[in-house]
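These notes are about the structure you will find just below.
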């Protein structure tokens, strides 16, 4: 149990860490194609933006500067019309044509299924974005080749909505392209923070770590700890420590205290999840959402059951115990499964955060296995002694030894 707490602390520290902003590049307003009025250095991947906003007709001329991390990789830039996150982004992704080797720039819509990686990412027209023109060129001209560190410039002209100059920019890069389908980008904290909100009229940038990103992090930390660790730990205490006579009723208070704390904190995490759904219209994680509601309802039923707990001598106590065990174990299973589903929804399926949670959970499972084996050994020993006592073997042997001592 001590190791589980150690892993839990490590998980919290790891999930709460912030991305470093030291990798930003110097921006420039001058390019080979044209000059721009303003520029800004983006916080990750040594990327930068340069642009000119024409207020008269709400047109934005923009250049994005990025770098490849693989000869067969891709570099993408886009805007999210609704929120500062990847899901929902309308992106332009540049990569070498698999047939000719020349740079191609294709449009993609990053809907919620992209994070789940259930199907290849296919190019689709950006119907809801007024894209007037777009192109991409490698730094160095026509003789330049794609390699690790190769610089690319993506040029875009957009027609913006009048009086809406605050834009959510998203950018990233990946290692491989399968045919004309870019594969998932690296999932380090730095790569997952490639988002910036900029007012193209004033040039001011909002906080790089958006409110939604902060809420997602808090939501993930709280729910991983409560539904994924504390609730299972409370169930372990009830199952294996209640038979330890030296503890007395202490096991019950520990069990009830941990479970109630986990449920109330989990309710906070559940509420944050509801708020995230309101802040992200059109973004729905169906299975994660359904499992979340199921876990919350089971936890609420389990908590309400304490109000109707019969006395030990009541004839309905055995039915209440069966109900309590069934709902409790179901809540634990659904909660743990949904934590893993949450990692997938956040794009952390192969991250150190998920590894840390797995280590913490496996430690708890290992403790359960050890305690279960110990319980069975004690049970078998007591059953054997009880059987011998019923058959009179223990009593007769004690009687014979007593007679021998008298003689």
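Just so it is clear, glycine is given a Cβ too, placed from its N, Cα and C backbone atoms.
Secondary structure from DSSP puts residue 324 (heme b binding site) in a helix. Under a cutoff of 8 A between CB atoms, and with a sequence separation of 6+ in the same chain, the neighbours of residue 324 (heme b binding site) are 302, 305. According to TrEMBL, the feature heme b binding site maps to 219, 255, 288, 324.
Residues annotated as domain 'DOMON' in TrEMBL: 45-174.
For 1-24, the entry in TrEMBL reads signal peptide.
Only residues 6 or more beyond the boundaries of the transmembrane segment (218-238), in the same chain, are considered here, and those with a CB under 8 A from a CB of the stretch are 1, 4, 8, 11-12, 15-16, 251-252, 254-255, 258-259, 261-263, 265-266, 268-270, 272-273, 276, 295, 299, 328-329, 331-332, 335-336, 338-339, 342-343, 346, 353, 357, 360-361, 364, 367-368, 371. Marked as transmembrane segment by TrEMBL: 218-238 (among others).
Residues 215, 218-219, 222-223, 225-227, 230-231, 233-234, 237-238, 241-242, 244, 292, 295-296, 299-300, 302-303, 306, 335 of the same chain, all 6+ positions outside the transmembrane segment (250-272), place their C-beta atoms under 8 angstroms from a C-beta of that stretch. Residues annotated as transmembrane segment in TrEMBL: 250-272 (among others).
Sequence-distant contacts of the transmembrane segment (292-310) (same chain, at least 6 residues past either end, Cβ-Cβ under 8 Å): 227, 231, 256, 259-260, 263, 266-267, 270, 273, 316-317, 320, 323-324, 327-328, 330-331, 334-335, 338. Annotation source TrEMBL lists transmembrane segment at 292-310 (among others).
Tertiary proximity for the transmembrane segment (322-343) is limited to same-chain residues at least six positions away from its ends with a CB under 8 Å from its CB atoms, namely 220, 223-224, 226-228, 231-232, 235, 238, 266, 285, 287-288, 291-292, 294-295, 298-299, 301-302, 305, 349, 351, 353-354, 357, 361. Here TrEMBL flags 322-343 (among others) as transmembrane segment.
Under the heading transmembrane segment, TrEMBL lists 355-380 (among others).
Taking H, G and I as helix, E and B as strand and the rest as coil, DSSP gives the domain 'DOMON' (45-174) the counts 7 helix, 66 strand, 57 coil. Computed over the domain 'DOMON' (45-174), the whole-number mean pLDDT of the model equals 88.
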